[in-house]
Amino acid sequence: MVLTASLTHTSFIKLSSSFHGEPSPSFSTSSVLTGSPVTLPRSTTLHGNQSLSRKQFVVFARKLAGLEEAMKIRRERERQALTKSKRSPPLRRGRVSPHLPVPDHIPRPPYVAAEILPEISSEYQVHDSEGIANMRASCELAARVLNYAGTLVRPSVTTNEIDKAVHQMIIDAGAYPSPLGYGGFPKSVCTSVNECLCHGIPDSRQLQNGDIINIDVTVYLNGYHGDTSKTFFCGEVSDEMKNLVVVTQECLEKGIAVCKDGAPFRKIGKRISEHAAKYGYGVVERFVGHGVGKVFHSEPIILHHRNDGPGCMVEGQTFTIEPILTLGSIDAVTWPDNWTTVTADGSPAAQFEHTILITRTGAEILTTC
């Protein structure tokens with residue numbers, strides 16, 4: 001203890017010693033803390049009549065190194081506690097306004113009149129040249145709408161305002177907002193904030209500085225659905241959240257990269273899981289990608305986690321890949337509205353989605369503009 005006090009109050013200790021075998025008149029406390037090798041004579045004189053044997057010095061150095069490590073651990077714990085304290089309060093449902101009207105001249109998908117959740121179609125959606133042209137048109141519109149929606153994201157804006165703007169842009173293009181009326185969904189777009197995994201219903205909640213928000217846009221144009229989503233930053237977002245979003249987008253890209261005619265569907269989940277695991281993120285298993293085209297949701301079911309699922313991709317086929325990654329638990333809780341689904345532990349989640357077309361040599365991303 002006395003020696004520690006001496007190191008605290010003295011910048012340098014004069015020693016007759018060697019460093020890596022070379023004479024050195026002095027060493028700083030940082031040499032001890034970083035574990036730099038120091039060779040000492042059998043005893044070294046310090047202040048007054050105190051002496052420090054070689055063995056005692058090594059023990060002392062190790063204690064200091066351990067102390068530094070303990071201080072690092074403490075600082076990291078304090079940083080994590082500070083990060084947690086800065087997280088937004090848990091999501092609470094705001095006021096949901098009535099759904100917006102769609103002009104009568106715009107064609108509706110068949111499920112709108114039924115108001116019940118449709119069964120997943122068992123048919124793979126493989127298109128001829130005309131179908132591919134129609135898919136490109138609907139997907140390009142969806143991408144433009146999504147990009148526009150992203151420009152609206154800023155603190156104080158409500159998700160209901162985003163829904164209204166998206167709705168207007170879609171109907172102005174002569175298309176129908178696919179989520180509206182799907183199984184009773186009351187809005188034209190899904191807005192999933194922070195810990196919301198997906199299917200968030202736009203409401204009166206204002207976006208806060210530091211939020212992340214996934215906006216999921218699907219349009220029904222000329223009898224075909226185009227489906228895409230992206231996670232956006234609201235104001236100044238923490239590095240922790242930024243990294244999650246960046247890696248989630250990379251996972252989508254990794255999944256698309258393995259797609260081509262004849263490739264097994266299971267390779268998508270394998271590649272996504274491998275990349276997410278490098279950063280310690282969880283891949284949500286409950287929600288999947290799906291076939292899309294004339295039907296909103298169909299086979300194949302695209303699993304984003306490691307799996308042994310059967311089936312291979314076919315040229316001319318269209319489907320979505322839409323991984324969701326979390327900072328914590330991959331378990332989910334669905335609110336009483338039967339749509340909004342959040343992480344069980346309240347940890348943030350991010351998602352990205354594209355509709356792709358399988359080609360002979362790869363995959364074409366249709367939801368771009």
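Glycine is treated like the rest: Cβ placed from N, Cα and C.
Check TrEMBL against the ranges 78-104, 294-320 and you find region 'Disordered' recorded for 78-104. Ranked by Cα separation from GLU322 (divalent metal cation 2 binding site), the binding-site residues HIS199, ASP216, ASP227, HIS297, GLU353 are led by GLU353. Within the model, the domain 'Peptidase M24' (134-359) carries an average pLDDT of 98. Within 8 Å of the Cβ centroid of the divalent metal cation 1 site, not counting the listed residues ASP216, ASP227, GLU353, the chain contributes ALA142, CYS190, VAL217, THR218, THR228, SER229, THR320, GLU322, THR355, THR367. A 10 Å radius around the C-alpha of ASP216 (divalent metal cation 1 binding site) takes in these binding-site residues out of HIS199, HIS290, HIS297, in sequence order: HIS199. A Cβ within 8 Å of the Cβ centre of ASP227, HIS290, GLU322, GLU353, the residues given for divalent metal cation 2, is found for these other residues of the same chain: ASP216, THR228, SER229, GLY289, VAL292, PHE319, THR320, ILE321, HIS354, THR355.
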